[in-house]
Amino acid sequence: EGAPVSLVRARWLQSVVISVTPSRALVDETFRVAVQNLPPGSPVTLHSLHRSEDEDLWEAFGHYVSDSRGTVSVADDFSFGGTYTGKEAMGLLWSMSPVPGSREGLRLRKKNVCIPQLVNISVYGGHVEEGFGERLPLASTLTERWHLGPGVRRIEISERGVRGTLFIPPGPGPFPGMLDMWGGGGGLLEYRSALLASHGYASLALEYFTAGELKSADKEFSYFETAFNIVREHPQVIPDRVGLFGLSLGSLMASYLAAESSVIEPRCCVCVSGGHLYPRGANLQQLFRAYSSHSHKLRVDEHNREIWRSINLPIPEDLSQKLDVGKINCPMLLVNGIDDQNWPTVECAEDMAHMMRAAGKEHLLTRIEYPDAGHLIEPPYSPHSRATKFIKDVILLWGGQTKPHADAQEDSWRNILAFLQKHLYCTQNPKAKM
Amino acid sequence: MDRKRCCVKLSVHPSRGLMDEKFTVLVQNVLPGFQLTVYAFYKCEGGYSWEAFAHYTASATGAVNVSEDPSRGGTYSGVEPMGLMWSLRPVPGSKSGLRMRKMNVQTPMEVTISVYQGHLTEGFVDQVPLAAVVVERWYMAPGVRRIPITEGGLTATLFLPSGPGPFPGLLDLWGGGGKLVEYRAALLASHGIAAMALDYLTPQITKETGKMQHPQILGSRIAMLGLSFGTSVTLRMAVYSQVIKLRCAVCISGSHVQPIDGSVAQIMTSFNDNADKTRFNEEQHVIWRDLLMPIPTDASLKVDVGRLRCPLLLVVGEDDQNWPSYESAMDMKEMMQRAGNEHLLTVLSYPNAGHLIEPPFTPSARASAFKTISNTPQTGVCVFMVLWGGEPVAHSVAQEDSWRKTLVFLRVHLSSWAISPDSRFIF
């Protein structure tokens with residue numbers, strides 16, 4: 001290329017502008033990515049890059065063509081290729097995957113919620129498929145994605161034997177409360193509670209066994225009841241408006257508490273990718289032993305990834321192997337992915353509905369099931385991983401296809417927030433002295 | 001337990017934004033016709049409390065949208081989407097003469113927005129609001145880099161926009177109070193301009209012969225933006241500097257009146273020579289606008305703007321009580337008309353706006369305490385209650401409008417053909 005061409009390119013180079021609006025947002029908020037001052041009708045690649053807390057690089061990209069005014073708007077234009085296609089305002093986030101050459105089985109999870117996720121959004125000339133690191137973008141900008149809204153308070157809880165982190169919304173309160181439980185991976189994961197608090201719920205992220213120590217989990221149910229009471233008794237929590245939120249094993253715990261506890265009365269319950277298979281009277285240790293006894297049913301796929309869903313199929317007829325969901329007295333929202341390869345969540349949901357109907361409690365149940373969504377239904381726009389490392393080097397197949405799974409995350413979160421709003425905040429206008 | 005409390009839904013969107021971005025405050029789930037007060041509270045870096053508030057009546061759907069609904073009273077009235085920011089004032093009982101200026105731009109301003117039942121005008125601290133949220137207001141966009149500069153005897157801070165560059169460059173000069181104030185440069189970098197805030201009064205520079213040392217990294221073609229005394233320096237550089245070739249200049253609330261021979265320090269002395277023209281209003285606030293009046297006809301007493309070769313944007317408040325900025329702008333226009341370079345000039349003149357035309361939504365005050373840097377060791381630092389002028393609503397309009405137009409002006413005139421092969425900056 002001769003000097004005149006590079007001068008033209010240089011001029012083009014300096015005036016291209018990329019913007020992300022808003023540049024700082026909560027992780028469940030949408031943004032608008034726009035590029036201006038491109039030559040009209042020119043092919044460009046929009047690219048996102050994120051370095052995780054574990055130092056892995058995640059990226060996504062879409063191929064666009066600028067319009068007659070030289071602009072590209074991700075929210076309004078079609079991506080013709082890349083890690084996502086079509087009109088996808090948030091594709092640069094939910095279609096992220098580890099960059100080529102990364103370690104296997106990675107999952108993106110925020111540990112420190114007090115600082116945002118930083119995502120670099122760039123625009124490259126042409127339709128690029130790889131080697132982004134070796135090219136110079138035309139323009140790039142940084143955007144911050146937060147789990148924690150301004151003014152939300154984070155309080156470490158270590159009392160009455162309970163370990164967790166409580167997030168309280170800003171303001172005088174009092175607020176509805178939540179007990180938030182994750183799954184079999186264990187440890188303390190704060191990000192969903194931080195987000196729930198940013199939406200007005202005082203939420204306790206509960207640690208009920210150490211990360212990776214599922215087999216030695218030995219907490220009795222009184223542990224969960226005590227945790228619930230810690231939320232309920234907090235001066236800024238409305239005592240009769242505390243709900244339960246669980247995913248996977250946490251969802252099973254939530255259902256157990258709703259059905260069996262004589263100590264606590266959850267106001268409502270959100271169960272994501274859970275079930276009701278539970279030997280009656282068992283504690284956590286006995287539960288795992290019961291599951292392990294079926295491990296001969298474990299399958300692996302062609303990549304040696306473990307498929308657990310058939311371990312507990314078919315759903316037993318024997319009532320002593322299942323929670324007595326007919327005893328549940330609060331509204332339940334069940335959110336499941338039809339392609340869940342880890343747990344037969346849809347079959348469980350079906351059976352739960354049957355049991356609740358028999359007990360005259362069907363009106364309490366709401367079921368949402370998403371085709372081609374997998375087990376790990378997380379807050380919106382987080383990347384989907386079909387299989388990841390679970391404990392040690394075992395890779396589990398969670399299921400789901402990226403685009404339908406992303407849609408499920410977005411849609412279910414909206415439904416979950418509406419469900420919580422309905423049952424934990426008033427909907428009717430109060431008769432107040434005005 | 002008051003159930004009513006848990007029903008009121010208050011939100012501010014975006015909850016994290018730049019200082020010059022608007023937000024929407026929404027109150028929902030109250031009864032139609034419900035009277036409420038929206039209240040903003042901010043504790044500044046100096047530890048002083050600031051507040052703003054407005055009275056609203058909920059719509060038939062039980063909601064209040066501050067961006068669309070009229071305030072019926074408070075620190076602002078009518079439809080004012082950002083009134084809760086620009087009408088912030090020190091709480092009753094505060095020290096007098098306060099001015100809000102964020103010195104640490106790496107952290108956001110955290111403003112608490114609350115909603116109270118009824119139309120309150122005082123005693124907010126003694127009441128429990130129905131709800132409260134926090135909104136963060138940032139001067140630095142994500143990815144903007146802050147680089148303190150101390151080489152060459154300079155005290156400056158460079159803000160680089162996010163991205164690979166190259167970026168147009170700008171030198172940002174404040175006024176006679178000295179001190180390094182970074183927030184405007186930080187905001188400009190958030191808009192894609194590499195901006196350097198320069199403290200040109202406290203270091204050696206006042207002792208220089210009027211030639212300003214300029215950092216190599218900015219190259220020889222940049223823009224310059226000055227407010228108040230910063231205008232005096234900017235105009236001098238724009239017209240007379242052999243070293244700095246300005247791409248364009250923005251001058252806010254200043255004047256071209258200065259002795260053109262002599263150093264920057266001597267400009268200040270010349271003002272002091274006219275100190276007897278100082279006036280005072282009924283509250284004993286200092287009015288300094290007459291020190292440069294009348295605008296001289298003697299060419300040696302003002303920058304010869306007829307020789308200007310780059311575009312110039314003048315921003316003036318017609319109620320400026322500190323400098324005769326409007327009269328100066330009119331005189332500059334006339335000089336340029338006679339010289340035939342008037343096409344380079346744009347004047348933005350705002351009725352009822354005062355002297356301190358700051359970035360949008362910055363609270364303004366008609367008067368505040370002002371410390372001057374004295375160039376004679378004997379007098380030292382003096383503190384005055386200075387009258388800036390300006391009526392709050394009109395002044396806020398001037399800030400919002402002039403900022404928008406300044407950004408457009410800079411973008412238009414900082415586009416360029418040539419790029420230095422090894423530098424991030426364009427020429």
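Cβ from N, Cα, C; glycine included.
Automatic, uncurated: that is what TrEMBL annotation is.
These come from TrEMBL:
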- B:SER228: active site, charge relay system (ACT_SITE)
- B:ASP320: active site, charge relay system (ACT_SITE)
- B:HIS355: active site, charge relay system (ACT_SITE)
- B:213-415: domain 'BAAT/Acyl-CoA thioester hydrolase C-terminal' (DOMAIN)
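For B:HIS355 (active site, charge relay system), other Cβ atoms within 10 Å of its Cβ number 28. Across the structure, B:SER228 (active site, charge relay system) and B:ASP320 (active site, charge relay system) are spaced 11 Å apart at their Cα atoms. For B:ASP320 (active site, charge relay system), the number of other Cβ atoms no farther than 10 Å from its own Cβ, over all displayed protein chains, is 27. B:HIS355 (active site, charge relay system) sits 5 Å from B:ASP320 (active site, charge relay system), taking the C-alpha atoms as the reference points.
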